[in-house]
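A.B. asks: Sharing a structure here in structure tokens format.
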Amino acid sequence: MGPGGSRRPRNSQHATPATASAASRNGINGGDQKSKDPEHEFDIIAYRTTFWRTFFFYALSFGTCGIFRLFLHWKPKLHIQFRAKLCSVESADLVLVVDSHDRHQICRVFHRNRDQGTEHTVVANQDGSLTELEDLRWFNYRKLQYTWIDGEWSTPSRAYSHVTPGALLKGGAPLKEDDVALRRTYFGWNVMPVKLSPFYELLYKEVLSPFYIFQIISVTVWYIDDYVYYAALIIVMSLYSVVMTLKQTRSQQRRLQSMVVEHDEVEVIRENGRVMKMDSSEIVPGDILVIPPQGCMMYCDCVLLNGTVIVNESMLTGESIPITKVSLEGLSALADDGHEKIFSMEKHGKNIIFNGTRVLQTKYYKGQHVKALAIRTSYSTTKGQLIRAIMYPKPPDFKFFNELMKFVYVLAGVASIGFIYTSFILLYRGSSVLRMILRACDLVTIVVPPALPAVMGIGIFYAQRRLRQKSIYCISPSTINTCGAIDVVCFDKTGTLTEDGLDFYALRVVENAKIGENIVQIAQNETCQNVVRAIATCHTLSKINHELHGDPLDVIMFEQTGYSLEEDDSESHESIESVQPILIRPPKDSTLPDCQIVKQFTFSSGLQRQSVIVTDEDSMKAYCKGSPEMIMSLCKPETVPDNFHDIVEEYSQHGYRLIAVAEKELVVGSEVQKTPRQSIECDLTLIGLVALENRLKPVTTEVIQKLNEANIRSVMVTGDNLLTALSVARECGIIQSKKTAYLIEHETGVVDKKNRTILTIREKGEHHTQEKQAKSIDLSKMSNKDCQFAISGSTFSVVTHEYPELLDQLVCVCNVFARMAPEQKQLLVEHLQEVGQTVAMCGDGANDCAALKAAHAGISLSEAEASIAAPFTSKVGGVGGVGEESGTGSVNYF
Ligand SMILES: Nc1ncnc2c1ncn2[C@@H]1O[C@H](COP(=O)(O)OP(=O)(O)OP(=O)(O)O)[C@@H](O)[C@H]1O
């Protein structure tokens, strides 16, 4: 099997596209490769078997009744070194793949020549086109197919990996049937088969582990030695454990299968633009899909070519609020650095509809198709990557297993001494050889606990059952053991520690750089109509089945305005995005005209803002809302009140969530569709500040208290303001009442002699800053003096780049990390792990996904039971305390 998929049955298990292409590295005979993907970093070493090595391998395996083979089964590296020798990729028939956790796997290399045989040797180019190779070599590893192209191992995700957004738009032409057939030979069918392993196969894998082999030997020794009852008891326990483990593995596979093996009818434009209905398994990268107006499930990763769609990505992110995806149309061709933009899955997430997500609604001109270009199928999609991460998880917890193995080695050392001593004594006393061996082995089996795997297996099984009863679903049972060793739990704030919903508190209008008083009732209040209009239009809400859907923050703000939202059906409106404009109507008795949202720039955590372009009868305006710091930086300084910063601090200190609103007048009829986002979101005029209340969840304080009692450190890592975060942290007990909170800060441009930005520490509440040279900051000492620390993302970034030597200390003593971008959340988790901490991360949103994945134990709070964002998914919607005795007997809380 391999890239010969055109003749392959539809549901065959075919290696599918991957995320990374393996880059060439000068290695042993040119056969040593290293993958670029940091997450799945691995070496690929080429080998060729020889006749004599194979002969000796079989001879020794038979000659030792399989013991030699069993030994090599545990040691794949020795196995391949014994059977084959290093060679170049061109002559290899085996490769040894070594992953970043030093796990080895031997894979067979397949080979096909263009002139031999009937099947094609096509591969994909980086721009998505196909090319035919003279000689095709590939191997399958963890559901992906690696093909030797241009001196490197590449996966099918190589297609569209180096292409401009403009080329993607232009390249979106219907595929011909011949082309489809050729593409299928390389990409395979768009399915993710999860095989239910037969019982005997699972049993074989389980029983061949060194522990079980040792157990078999132990039981045999005891049986011969007349410990019949004890031996029988251990057999019964082990059988029970094996059956439970197998049952668990099978139900795990079934669960995964139900999440993965989904397919349905889709509409694809093929051959001369005909819309054809077909099964989703027939989609190949390059196909153009038609997305129905009423929505559908997505079965591949695709780029939106026109219109706008609203999707629910909860399956991938755990976050169930609808997200708006926009088309590539109108995207500027040049990046910030002036170079041509290159399309990437990371940077253009807002233009990609991912496999496994549900399209709730599409928006475009009536009667026109919303089209999307399939770029990745089956296991190379984002969903495929997550599924692979579940199928081939990281080794549970290195520290835990290393220590467990150390414990076993110490016991084995003690046993060996006993073995030698007993053998010597018995020999000296003239005992028979059989009795001597029996006694000595008996000693070993008593010292090293043979029932250890059985006990752990049973423990995990019951722990998982208990979690399920509490609506916590676990897709990676081995992680349960890790939870017994958690040192730090990182919590996202909004939606995790605090309620998802917010309460509107007040609006303060800014006019002529003066800030007004609190306005609590904003609808129809004459004094704030301009800001109300901005709030009513600046969002990405949509109406699905007559209900407003979107970010809870947007919903709550919109509902205060008294405005209503309608999709504009009239033919006359010229929309900038060639999307049906959204009509915003003021309250009935208002004299203000209706207005249309003609362009939306979606919210992103990294940008901390969101904006829209709105037109009414005779004007065109851009409205922008976001975090006060961000909006202030985009506003003309003369429009920002002098005391604005102080006012923001005051609200933040009381835990309010703040959103600043700004506007900009645009010239009617100007070509704003071609204007990049950064040209719209600049030189703004500040017009208002909205304060929202964000209450703690009832269970939060109790959970933090339990963690404190268990000596597990709680850390808040949030995208919100530092002072707001600090106030919430104080309220829930992350910052303890008897401790003083210190803020670690910096001032941009203020540098020391070494040209490093000066870090300052100030006590929360003090307005003066007590400057200290970075060197004199000894955070670890200060933490002993009843201090706790908080830092914001920008200072964290300064420390990361300019004071890497402080980072270890910082992550160990800081309890609040605010204004953290998604990648900083991940960096924090990774750094905590680097300093030897076992980390759990608890989050609810798309901005927590990377951190959830990086943590030893990720806990996603999600409505979606089947979220694959983290090993644990809690449906209870809170950080409900879970006292759970895992297989290790520890009590865990999360
Ligand atoms: N829909 C929105 N429109 C405009 N600005 C927003 C919106 N949602 C949040 N913001 C602003 O962007 C900031 C960062 O948001 P982000 O979602 O990264 O974190 P968060 O929701 O504040 O906190 P957490 O990381 O704890 O969930 C927020 O503090 C807020 O000021």
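Quick reminder: no glycine exception, Cβ is built from N, Cα and C everywhere.
Look at TrEMBL and you will find 1-36 tagged as region 'Disordered'. The annotation compositional bias 'Polar residues' is assigned in TrEMBL to 12-27. Per TrEMBL, transmembrane segment is recorded for 55-72, 202-221, 227-246, 407-428, 443-463. The domain 'Cation-transporting P-type ATPase N-terminal' annotation in TrEMBL covers 175-222. Annotation comment: TrEMBL describes 264-390 as domain 'P-type ATPase A'.
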A.B. asks: Against the transmembrane segment (227-246), which of these stretches has the most C-beta pairs under 8 Å: 55-72, 202-221, 407-428, 443-463?
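C.D. replies: Checked against 55-72, 202-221, 407-428, 443-463; highest Cβ contact count belongs to 443-463.
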A.B. asks: Determine whether the transmembrane segment (443-463) and the transmembrane segment (202-221) share at least three Cβ pairs under 8 Å, counting only pairs 6 or more apart in sequence.
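C.D. replies: Between the transmembrane segment (202-221) and the transmembrane segment (443-463), which are separate recorded stretches, there is contact, as judged by 3 or more close Cβ pairs.
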A.B. asks: Helix, strand, coil residue numbers for the domain 'P-type ATPase A' (264-390) per DSSP?
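C.D. replies: Split into helix, strand and coil, the domain 'P-type ATPase A' (264-390) gives 22 helix, 48 strand, 57 coil.
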A.B. asks: Can you give me the average pLDDT across the domain 'Cation-transporting P-type ATPase N-terminal' (175-222), rounded to a whole number?
C.D. replies: 83
A.B. asks: From the DSSP assignment alone, can you count helix, strand and coil residues within the domain 'Cation-transporting P-type ATPase N-terminal' (175-222)?
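C.D. replies: Residue counts in helix, strand and coil order: 33 helix, 1 strand, 14 coil.
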